[in-house]
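Some notes on the structure that comes next.
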Amino acid sequence: MLKTQEKMLMNLYDTFMTAKRLVVMTGAGVSAESGIATFRGDQDSYWSRFDPYQLASAEGFIEAPQRVWDWYQWRRSQVGAAQPNAAHYGLAELAQSVPLFLITQNVDGLHHRAGSQQVCELHGRLMMNRCFNPSCGYREDAIDFSAPLITCPRCQSAYLRPDVVWFGESLSASSIQQSEAATTECDVFVSIGTSAQVYPAAGFAQIAAASGAQLIEINPEATALTSQVDWVIAEPAGKVFEGLRSLLK
Ligand code: BJW
């Protein structure tokens with residue numbers, strides 16, 4: 001007789017393989033097994049140690065740009081030293097076999113580094129800088145994680161900042177349009193490693209459900225979404241995809 005874990009993996013594999021359009025949305029938990037802290041939760045999470053509005057809002061940057069810059073440079077060095085885990089690699093491999101639209105709230109770039117070709121990065125990219133003045137439009141790769149805070153080399157009128165989406169800022173219109181279109185059309189929606197507290201991302205599962213999609217959550221802890229999904233896999237994502245990868249080969 002198959003053990004419970006094996007049955008779960010076989011069911012998940014079958015669900016993925018028979019999906020006509022699969023949407024996967026990931027959050028910070030998918031990178032937890034790569035050693036990157038989540039935002040909410042245990043005592044190592046960012047928002048249990050730091051004030052989100054000081055570090056992740058335009059107001060916080062205006063108040064203390066050096067504080068914000070230093071925090072992001074520290075995070076860049078952490079992410080630069082981290083490696084993708086089985087969940088990142090498994091999702092990249094899955095996209096070779098099924099029509100998969102991958103949405104991430106993560107800014108760490110680990111899905112790309114694991115080989116995912118198309119990733120809708122809702123909250124931007126940690127490893128890029130842009131001018132704080134939105135009408136300037138200057139962007140550059142953030143290569144030197146010890147580089148000082150500088151004014152924009154193009155317009156000279158504002159500081160460079162990380163190319164991420166802070167609280168109160170709009171996500172790119174194209175990322176929202178693409179995500180909403182994909183979630184409206186999918187038959188299976190999988191939420192992995194997100195607390196489902198931050199909008200608009202947290203609303204995509206409801207859009208998928210309203211269109212009749214099956215909702216699956218992979219997260220060791222209960223979230224704002226748990227009571228609404230059809231199937232909860234209360235396990236770490238890396239562990240689930242480690243098992244799934246052996247079936248995908
Ligand atoms: C594991 C695991 C393992 C652990 N395996 N799982 C509607 C209603 C209410 C409020 C709003 C609303 N619309 C907009 C708002 C305001 C706001 C918002 O949502 N606030 C809520 C907090 C209440 N949203 C915005 O401001 C957004 N902008 C916007 O909507 O513009 C228009 C507008 C503005 C204002 C008002 C109305 C409209 C922008 C949001 C930007 C979020 N930015 C951040 C920082 C990005 C840059 C950076 O990285 O520094 O994005 S905040 C942070 O939260 C980050 C994340 O992407 C985001 C989501 O976090 P996530 O991924 O869910 O992580 P955690 O830590 O919360 O959860 C981790 C999970 O993993 C846990 O569940 C663990 O159990 C699990 N886990 N190990 C699997 N191994």
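Cβ coordinates are placed from backbone N, Cα and C, and glycine is handled just like the others.
In TrEMBL, annotation is done automatically, which means it is predicted and not curated.
The active site, proton acceptor annotation in TrEMBL covers HIS123. Secondary structure at HIS123 (active site, proton acceptor), as computed by DSSP, is coil. HIS123 (active site, proton acceptor) has a Cβ environment of 21 other Cβ atoms inside 10 Å.
Taking Cβ-Cβ distances under 8 Å and a sequence gap of 6 or more within the same chain, the neighbours of ARG75 (substrate binding site) are LEU126. As annotated by TrEMBL, substrate binding site applies to TYR72, ARG75.
According to DSSP, ALA237 (NAD(+) binding site) is assigned to a helical segment. Annotation source TrEMBL lists NAD(+) binding site at GLN105, ASN106, VAL107, ASP108, GLY193, THR194, SER195, ASN219, PRO220, GLU221, ALA237.
Taken from TrEMBL, the feature Zn(2+) binding site applies to CYS131, CYS136, CYS152, CYS155. The secondary structure of CYS152 (Zn(2+) binding site), as reduced to three states from DSSP, is coil rather than helix or strand. Note: CYS152 (Zn(2+) binding site) has non-local neighbours CYS131, PHE132, ASN133, CYS136, TYR138, ALA158, TYR159, LEU160, i.e. same-chain residues 6+ apart with C-beta under 8 A of its own C-beta.
If you look up TrEMBL, you'll see 2-249 marked as domain 'Deacetylase sirtuin-type'.
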Three-state secondary structure, ARG75 (substrate binding site) (per DSSP): helix
Inter-residue C-alpha distance, GLY193 (NAD(+) binding site) and HIS123 (active site, proton acceptor) (nearest angstrom): 15
Other C-beta atoms that fall within 10 angstroms of the C-beta of GLY193 (NAD(+) binding site): 27
Nearest of the binding-site residues (TYR72, GLN105, CYS155, SER195, ALA237) to HIS123 (active site, proton acceptor), judged by Cα-Cα distance: GLN105
Alpha-carbon spacing, ALA237 (NAD(+) binding site) to TYR72 (substrate binding site), which is rounded to whole Å: 25
DSSP-derived structure type at CYS131 (Zn(2+) binding site), helix or strand or else coil: strand
